[in-house]
């Protein structure tokens, strides 16, 4: 063989070797990441049942100290949380030492201080489980059970961006009124044989109080995030105008996502993918009311989008508000890990997992069966939306590898 032919053959072999090596490494990396996603899913399933147990083993810390140490820029709580049941037990049983009107907002809530100094937000029951909220997808009062269900869905999706929530029954006469501030106490009334209050908020009215069953009121308590992690509020780029006849730009501009990608903090970092994760989360729970969102302050776009205030959810199981998915179908990108998790939850697994996760809550059953069935149907719509994107642009464009290292120091 002539020298020139040998050189050409060696060059071809070298190209084939390099291509094969790169291809194998890429596929090994991808399959390794997929295997880790599968293992994480199995770990989640094995830890679904959270028994509310007061015991805290191998530590002298209070449940509040433990929960505060869980918080990092990309998680509210870690994947492995053997103390979760003890923290939630404390949330639902610790003595209330102070009660006040809720922080500013549109919906009725109360701010409670529990023994040990921990703040929680109490949202009262306003509807029966089978009540259908008619009208706009953001209509109606807050739903306390929606907060509980949304927290457990956050666990199942592997996001871990929602503050801890658990159901709680409180005696308004013996637990709240004796420790209530004058501002809150002034909103109490008796309707028939029931103790009621209407609080202070934008839509709070004396004519629309929340009423207990006698003195016992069902509600949810949400754990306040540690003060060392102050929050920063952002306008959601896919927020609604809430004005009849006036559309937001994303509702008529097909190239809207391209404009979003050019603005901070969506031009770099994880925030846009967080927005899309949140759109998927909100579509599953039927929440069309995320006009703003919170992250940690001074994060320069690096911290997570925190899944706060999920109570405008699970209002109508027959309504699938597709516009909630606009960030997904307009941007046509999704995290590989999110895509994998959604696929693992097909064929009724999502409904079964959420039902299991909520089974130990004090206010169980948290959701009616129609709402659980709706979750599985909405999941199919999400998967179909991603398939449309991959058919149009290809999986290499749509499926984005973004696995950020999380540290708990």
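Here the Cβ of each residue, glycine as well, is placed from N, Cα and C on the backbone.
Heads up, TrEMBL stuff is auto-annotated, nobody curated it.
Straight from TrEMBL, the features:
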- 289: active site (ACT_SITE)
- 107, 123, 222, 223, 224, 225, 294, 309: ATP binding site (BINDING)
- 142, 309: Mn(2+) binding site (BINDING)
- 188-397: domain 'FAM20 C-terminal' (DOMAIN)
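Nearest neighbour of residue 289 (active site) by Cα distance, taken over the binding-site residues 222, 223, 225: 222. Computed over the domain 'FAM20 C-terminal' (188-397), the whole-number mean pLDDT of the model equals 96. Every protein chain shown contributes to the tally, and the Cβ of residue 107 (ATP binding site) ends up with 20 other Cβ atoms within 10 Å. Residue 142 (Mn(2+) binding site): 26 other CB atoms within 10 A of its CB, across all protein chains. Annotation for residue 309 (ATP binding site): same-chain Cβ neighbours under 8 Å, separated by at least 6 residues, are 105.
By a simple count of nearby Cβ atoms, those within 10 Å, the most crowded of the recorded positions 289, 294 is 289. Taking only the Cα positions, the spacing between residue 123 (ATP binding site) and residue 142 (Mn(2+) binding site) is 8 angstrom. In this structure, the binding-site residues under consideration are 223, 225, and the one with the smallest number of other Cβ atoms within 10 Å of its Cβ is 225.
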